[in-house]
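Annotated in TrEMBL:
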COMPBIAS  1-13  compositional bias 'Basic residues'
COMPBIAS  14-25  compositional bias 'Basic and acidic residues'
DOMAIN    35-143  domain 'DUF7032'
DOMAIN    266-463  domain 'U-box'
REGION    1-30  region 'Disordered'
REPEAT    291-335  repeat 'ARM'
REPEAT    334-377  repeat 'ARM'
């Protein structure tokens, strides 16, 4: 730091008319506040260059920045209107003068002892801290109103960190000392910057008190302040750096109270925050301890709220069911009945959230699965797939996954699916669905076909086999394998086998696929298994023998492919021996 800068500063101050004696006169006008701002700003700048007692000066600088924000907020307030404010401004200027002396001695290294200087610096930090608190108290008492406040301009996109930090500190001061309108506006401005620029989130983490203040403002009796505060919390709770600070500041309780008594807008922001916090199950007990589970269930059962609030509340409860004790409490509170009803909602977001909740709460628990069935869950899920209703890919995806996981473990549940027309809807999705839905529907159909022989017959009657044949040549290897595996199981049923053989194109398609180069060994295994099953009927053996692809099967048999060898043996017996006299024999 340049010593001449300190000397110039000292001369400048000495040039004022008897500053020590005339502070009260100078502070009786707006120029007194301006002088205090200039003195404090200069001290902040000078403190950065001090090389000794850096920890002490960092603390003093923090107090100076807080005080400076408060002074800027009241700059156009005439201090002569209030003798208390006038006296405080005078005291601040005197303390600033004393601080210049400490700056000089630290720069010149002219202090008499380290311990004494450390003590002097502690006293100075305490004085500035007291000034900041007194200024806050005066303004909170009603002296500062929105009409008096000077608005600090928001830094530009390429602003440096110091400018951004100064802006946030100014907002912090307004949140502390402003009236209702000023607090609300400061919170709204803070919300805007953290949404648009993540760098402001880092600054919030670095500045003392701001997180604690935000949590305290959640309890504000002024609804407009509460709404703006919870909106800010909702944004910063999405950052790991802020989550732990918010939890440490006790944010869960105030958020639950917002859910219980806030406006619908503030409730929506609060529940979004809770959803982020409960991604970590360690926070689940805190939500439960503050009565949050009951409050969230009450929201889900009410018809007074919008779909956005209900669907997000479902999301929080979905996170909470990972804790077994909370899950049991929900079951005792009749949560299954509530969420089955929500699955019938006309609001798709609510539908999706409620079905995912049911999926999660029933995971690995057969008794809960049965309870969902008893409450009419299967009908609600099948309804979501009905082509008569306009549904998104996400809605159909969620419904299909839930059906697969909730219904296929029980013959009675599968029977209900059939009764409710699920087969027709599943076939429709395979034939006409979007690519993602088609693939998922194929997976569900493949797994369904493996549940029982009766299901295989039902699916054969419904017309699934031609679709399985079509998907044997799909681009996705996984889809091809699912189709082949399902078809190999379907043709084990005599009725399905007979129906399959009647269509000449089916066997031809299988043999063409088998003749392709680069056929995956697993897929080839299923294709040969299907052909082997078809040889159980005369017409199937005849069509295979007359197909013109026997050389392909022969080559596979010669390559020691066991399934191909067995197929050749089967085709070479009895009255087909003469037709295949030239074919390889084992």
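Placed from the backbone N, Cα and C atoms, the Cβ positions cover glycine too.
TrEMBL labels come from automatic prediction, so no person has curated them.
Model, not experiment: these values are computed from the prediction.
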Confidence summary for the repeat 'ARM' (291-335), mean pLDDT rounded: 94
Helix-strand-coil residue split for the domain 'DUF7032' (35-143), DSSP-based: 92 helix, 0 strand, 17 coil
The repeat 'ARM' (334-377): DSSP-derived helix, strand, coil residue counts: 34 helix, 0 strand, 10 coil
